[in-house]
């Protein structure tokens, strides 16, 4: 307080030590704080200004935080202001491409989910609008997928579309709740072998579920064995023309897919001529629209057949043609309505519990599919799992108000979206508008679509899900992971799919615990600079409660047998818990009874803190090798030199 002047926002004040003004020192305080006294007017004015300043700063801070939070959650605000005409062209072309692809696929996926065909279209447009507001990836085409549709069928059984819509609502609610509670990290506990086993088994189950439409028989069943048994029971009713058309469709789709990767001219696009670029774009377009092309051609064939017999398509009677067609689909968009939270006296919770574990599994698998797609085309950027949970959760929630069933980001459509040149998530807007246009104007023509062509589209797409090459890679990398993959694969095949996923996750956790229970420990007998021998053990990972019994047996077995000090090198120990400290304390007491001691050195600070909770602990903690040598010298130096002296005396006597 050497400054004689005190500057205040109301004007310059004089120090009380100079002129005995009205700012006396408060000698009652230890640190000599100053107590400022004003008259009533000044005090009121000061309080008002201070309150105004604090209020303004608080409001500014809250407004700033709210803006940041809003911009983070509404992800569209991070890129929409830089949207360009090039982005518009890329998005609209990619969006329409995906829309024309998703129309036949969604009709077929509705069959997998066990609901009428139109519900596939109902599930394919609202979610795309919501995802573009919150989603972080430009390639995610939110909508029905084969795996989620199969899980939906297993979950709702024969309960009908009302339960599928309810399941969509609960899926969205769970995903939104997981997003705000930060539970997106759960997906990190599902390893690649578990994912590979699950997706490969799902591909087989999807193919088997579509076999009924491919060969034109009525079959069902949730597990692989039941599907095979029911199919064999109805094999006599196979439709020859349905089967022939389906096989031709599969062959055509696969051929067009292989044809689409062909290119003429140099591989580098900048070296190609204009004519070569146009031809290559045409070849790519043929492959991109292969599903729509096959369905349209087959629909034309059925149209000729139906009109040749003058069948009335407004009737409820199926046309007497060699092919089974979809039939009548309601025209127009679905109306907004709340999902039914009760069913003939059955309460909401009873409905949810009746659907079993699928209510929990479907949100996780939907997230897993979407995150896998995001990471594949993230170009090295991190993926915000919680934000993606919010996006797909709100999308599923939105679909449930328009009679939709659960969906996710389909990997195959995402790859097509990327290759189509999509620039931003706004491509989903044009995908949704394309589906809406189909519902408004094309549903009368969907009557002629043969079911076998839709089944062929899904079966051909499922071939890409089944990844045989990954088996070879996992085998070369780590054979134990291959065992984990096979456990998941067969569990998903022969158990209900949702139970198979849980079996794979539990097996993964068991494998991790088994690995943690037996850490690798390097064991050596060394001597320090003073010549004192000691047993050095170096664990190669964290030491937590599952591994401590194994560690104790190892230390006791070798330490007590040799009768020398035991030293633990903690340079590779990154984590420990109270059980670790307690076991080491017990080991040290056992060793001390034999005249030995337990030493730990090179420990991380977090590991050292674990030992602070112990009392009467005989473990010696050393910061480094020099401190270890000094302690060994202090504890065993006299004994060591006495033994050396005795050995030298015996050797001299013998000489």
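Placed from the backbone N, Cα and C atoms, the Cβ positions cover glycine too.
Here TrEMBL flags 88-488 as domain 'SLC26A/SulP transporter'.
Panel annotation: around the transmembrane segment (92-117), residues 123-124, 141, 143-146, 149-150, 152-153, 156-158, 160-161, 164, 206, 209-210, 213, 288-289, 291-292, 295, 326, 329, 405, 410, 413, 416-417, 420-423, 426-435, 438, 442, 446, 449, 451, 453-455, 457-458, 461 of the same chain, lying at least six beyond its termini, place a Cβ under 8 Å from a Cβ of the stretch. Residues annotated as transmembrane segment in TrEMBL: 92-117 (among others).
With a cut-off of 8 Å between Cβ atoms, the residues of this chain six or more beyond the transmembrane segment (129-151) that come close are 73-76, 98, 102, 105-106, 109-110, 112-113, 120, 123, 199, 202-203, 205-206, 209, 358, 361-362, 365-366, 369-370, 373-374, 377-378, 383-384, 387-388, 390-392, 394-395, 397-398, 405-410, 413-415, 417-418, 422-429, 431-432, 458, 461-462, 465, 497-498. For 129-151 (among others), the entry in TrEMBL reads transmembrane segment.
Note on the transmembrane segment (235-262): residues 213-218, 283-284, 286-288, 290-291, 293-294, 298, 301, 322-324, 450-453, 455-457, 459-460, 463 of its chain, located 6 or more positions outside it, place their CB under 8 angstroms from a CB of the stretch. Look at TrEMBL and you will find 235-262 (among others) tagged as transmembrane segment.
Annotation source TrEMBL lists transmembrane segment at 282-306 (among others). Under 8 Å from some Cβ of the transmembrane segment (282-306) lie the Cβ atoms of residues 97, 100-101, 103-105, 245, 249, 252-253, 256-257, 259-263, 313, 319, 321-323, 325, 416, 419-420, 445, 448-450, 452-454, 456-457, 461, all in the same chain and six or more residues away from its ends.
If you look up TrEMBL, you'll see 348-369 (among others) marked as transmembrane segment.
Tertiary proximity for the transmembrane segment (389-416) is limited to same-chain residues at least six positions away from its ends with a CB under 8 Å from its CB atoms, namely 73, 75, 97-98, 101-102, 105, 110, 113, 115, 119, 122-124, 126-131, 133-137, 139-149, 151-152, 161, 164-169, 171-180, 183-184, 288, 333-339, 362-363, 365-367, 369-370, 372-374, 376-377, 461, 464-465. Sequence annotations record features per position, and here TrEMBL assigns transmembrane segment to 389-416 (among others).
When Cβ-Cβ distances below 8 Å are used as the criterion, the transmembrane segment (428-447) is approached by residues 91-92, 94-96, 98-100, 102-103, 106-107, 117-118, 121-122, 124-129, 131-132, 135, 140-143, 299, 313, 325-333 of the same chain, each at least six residues removed from its ends. Residues or ranges marked as transmembrane segment in TrEMBL: 428-447 (among others).
The transmembrane segment annotation in TrEMBL covers 453-471 (among others). Among residues of the same chain six or more beyond the transmembrane segment (453-471), those with a C-beta under 8 A of the stretch's C-beta atoms are 104-105, 107-109, 111-112, 146-147, 196, 199-200, 202-204, 206-207, 210-214, 245-247, 249-250, 253-254, 257, 291, 294-295, 298-299, 326, 411-412, 482, 485.
Counting residues 6+ beyond its ends, the transmembrane segment (483-513) has Cβ neighbours under 8 Å at 150-151, 154-155, 189-191, 193-194, 196-198, 200-202, 204-205, 222-225, 356-358, 361-362, 364-365, 470-471, 474, 546 in the same chain. What TrEMBL records for 483-513 (among others) is transmembrane segment.
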